[in-house]
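> What follows is a single structure, and I will ask about it in a moment.
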Amino acid sequence: MSNMLSLCSPDDRERLANMVMQFHTEEELPTTDAERATGIDILFSGEMQAAAWLIGPKSSPVGYIIVSFGFCMAIGGREALIDEIWIRPSVRGRGMGSQCLMAIMKELAKMDVQRVNLDVAADNPKAKMLYEKLGFRTHELYQRMSRRF
């Protein structure tokens with residue numbers, strides 16, 4: 001495991017929950033405290049194919065990344081979705097996002113992941129530029145569609 005990332009354990013629940021709340025508030029995501037708590041409970045339950053890593057020193061992390069796993073017939077194997085990545089505003093712009101993404105891609109390759117996906121907000125060209133620099137490309141043929149239950 002990279003020094004940049006440490007896999008979250010249930011002991012990290014409160015740290016992770018606090019950072020998730022900060023990210024969702026910053027991005028104005030319409031989630032409630034109860035929804036976030038349920039998501040974190042499920043993440044640590046082992047029921048879902050997902051994991052979270054803390055970014056930076058485990059004792060005082062500066063961010064987190066959550067990855068979920070799935071299967072894709074078109075690529076013949078396992079794929080991953082970077083569901084959320086967040087770094088504290090006070091430490092942004094120091095290359096931690098790039099370092100974190102490079103480290104997580106190495107970890108995912110060890111897990112036999114064939115493809116990594118992520119979503120980027122249309123109004124965030126800085127993030128899109130970073131992702132493109134790291135080899136991510138926009139799908140020209142498909143757009144993600146969602147339905148919430």
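The backbone N, Cα and C atoms fix where each Cβ goes, glycine too.
Grabbed the feature section from TrEMBL, which reads as follows:
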{"type": "DOMAIN", "residues": "3-149", "note": "domain 'N-acetyltransferase'"}
> Could you tell me the mean pLDDT the prediction assigns to the domain 'N-acetyltransferase' (3-149)?
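Taking every residue in the domain 'N-acetyltransferase' (3-149) and averaging pLDDT yields 94.
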> Using DSSP, what's the helix, strand and coil tally for the domain 'N-acetyltransferase' (3-149)?
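Result for the domain 'N-acetyltransferase' (3-149), in helix, strand, coil order: 60 helix, 36 strand, 51 coil.
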